[in-house]
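Novice: I have a structure here, written as C-alpha cells, and I will follow up with some questions on it.
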Amino acid sequence: MSKKQKIAIVGATGAVGEELLNVLDELDFPVESILPLASAKSVGSEVEFKGKAYKVKELTENVFKENPIDIAFFSAGGSVSEKYAKFAVESGAVVIDNTSHFRMEKDVPLVVPECNPEDIKDWKKTGIIANPNCSTIQMVQVLKPLNDAFNLKRVDVSTYQAASGAGKEGMQELVEAMQSFFAFKLDEFEPQTFPYTLALNLIPQIDVFMDNDYTKEELKMVNETQKILHKNLEVSATCVRVPVLRSHSEAITMHFEKEIDVKKAKEILKKAPSVIVIDDPKNKKYPMPLMTSDTNETYVGRIRADVYDKKILHLWCVADQIRVGAATNAVRIAQKWLELKNK
C-alpha cells in the first residue's frame, strides 16, 4: 500500500483546483493532508476533502518550507507557476503543473499517462511534470493507439471548446449572457472574459494570434502532440469557443501511412485506456458535451473512413476538459509518479 502523501493545491479555489479535490477522492489517491493555496483574497475561505475542512492559505515563497508537502499541483496560471514552482521543488516536492509555462521546456516531461507514462522518470531533472493543454490530452489519448497500429503522419483537428476552458469566469459570463438574452438585453451585454459575446455565438479565437495567424491555443496542440508522441507529426488545428458550459469536442481527421480498417480501428479504440466508444449513428448515439460532463473518460464516436482516401479516418471526440483535460490527468500523473517512486 502506498504511503499517504501530503498534497498542496495551488489555485485551490479555481475550477481546476476544486475538481482536483473531487478527483483525488474519487480515484482514492492516498492523501495524508491537503494544503489549499491561493491569492490573499481567498485566505480564510475553506475547501473540503473527504468530509474535512481545510482553510485556504496564501501562496508565498516560504509556504512550502513552513508546510512540508510531497506533491504540489499548480493550477493558478503560468505566471504563478513561473514564480512559485521552484520553491515547492526546493522544499523536496514534485510539482505537477497544469499551466502552459513549463510544457515545452526540454527537461520537463509532458505527460498523458495513457500515452507516455515512461516519460515521468525524467521528473528528477527539474522536479516538475507538466500537464498538457486540455484539448491536446483528449486528442492524443485517441491518436496514440491508432498511431501504434497504422502509423500516423498527419492530423487535422477542429475544436469546439466550452466556456469553462476560460475558468469559472468563462462559465459565469456565458450564464450571464444567456440571462441577458432571455431578458431581451443581449445587445447591451458587455463581455469581459471573451472578445465577443459567446451566447448564441461562436468565436474562432482562443488565446492570442501569433505571427503566422494561428492562435497560441492552436500551436499548443501542434507542439504538445509532437512532444507527447515523440514524433515529428504534421498537425493543423482550428480552435473555436462555443456556447457550451463544460466539455470540449473535437472533429479529428487522421492521415496514416497504411490503409485503415475501420472495424479494426473501432476495436483498437474500444480497448484503449480511458477511452469509451459511443458509435451507433443509425440510432443517433454519439458523444456530446452534456453526457460527458463530470466524467473522467474520453468519448469517441462518428468513426468513419474517408470517402476518397482509404488512408484517412475521421472521428468525433468529446471529454470534460476540467477533468480529463486537467484534474484527472494530473491525478493520474501523480499515481504513476508514486508507482515509480515506490519501485
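Keep in mind that glycine also has a Cβ here, set from the backbone N, Cα and C atoms.
From Swiss-Prot, here are the annotated features:
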{"type": "ACT_SITE", "residues": "C134", "note": "active site, acyl-thioester intermediate"}
{"type": "ACT_SITE", "residues": "H248", "note": "active site, proton acceptor"}
{"type": "BINDING", "residues": "T13, G14, A15, V16, K41, S42, S164, G165, Q321", "note": "NADP(+) binding site"}
{"type": "BINDING", "residues": "R103, K220", "note": "phosphate binding site"}
{"type": "BINDING", "residues": "Q161, R241", "note": "substrate binding site"}
Novice: For the C-alpha pair, I'd like the distance in angstrom between S164 (NADP(+) binding site) and R103 (phosphate binding site), rounded off.
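Specialist: Between the Cα atoms of S164 (NADP(+) binding site) and R103 (phosphate binding site), the distance comes to 21 Å.
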Novice: Near the Cβ of S164 (NADP(+) binding site), how many other Cβ atoms are there if near means within 10 Å?
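Specialist: Neighbour count, Cβ to Cβ under the 10 Å cut-off: 25.
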Novice: Please identify, among the recorded positions R103, C134, Q161, K220, the one with the smallest Cα-Cα distance to Q321 (NADP(+) binding site).
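Specialist: For Q321 (NADP(+) binding site), the closest Cα among R103, C134, Q161, K220 is found at C134.
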Novice: Out of T13, Q161, Q321, which of the binding-site residues has the smallest number of neighbouring Cβ atoms within 10 Å?
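Specialist: Among the binding-site residues T13, Q161, Q321, the lowest count of other Cβ atoms within 10 Å belongs to T13.
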Novice: Fewest neighbouring Cβ atoms within 10 Å: which of the binding-site residues K41, K220, R241?
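Specialist: Output over binding-site residues K41, K220, R241: least Cβ neighbours within 10 Å is K41.
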Novice: Does A15 (NADP(+) binding site) have same-chain partners at least 6 apart in sequence with Cβ under 8 Å from its own Cβ, and which are they?
Specialist: S164, G167, K168, M171, I322
Novice: If I take the Cα of Q161 (substrate binding site) as reference, which of the recorded positions T13, R103, C134, K220, H248 has the closest Cα?
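Specialist: Checked the recorded positions T13, R103, C134, K220, H248; minimum Cα distance to Q161 (substrate binding site) goes to H248.
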Novice: Which binding-site residues (T13, K41, R103, K220) fall within 10 Å of H248 (active site, proton acceptor) by Cα distance?
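Specialist: Hits: none.
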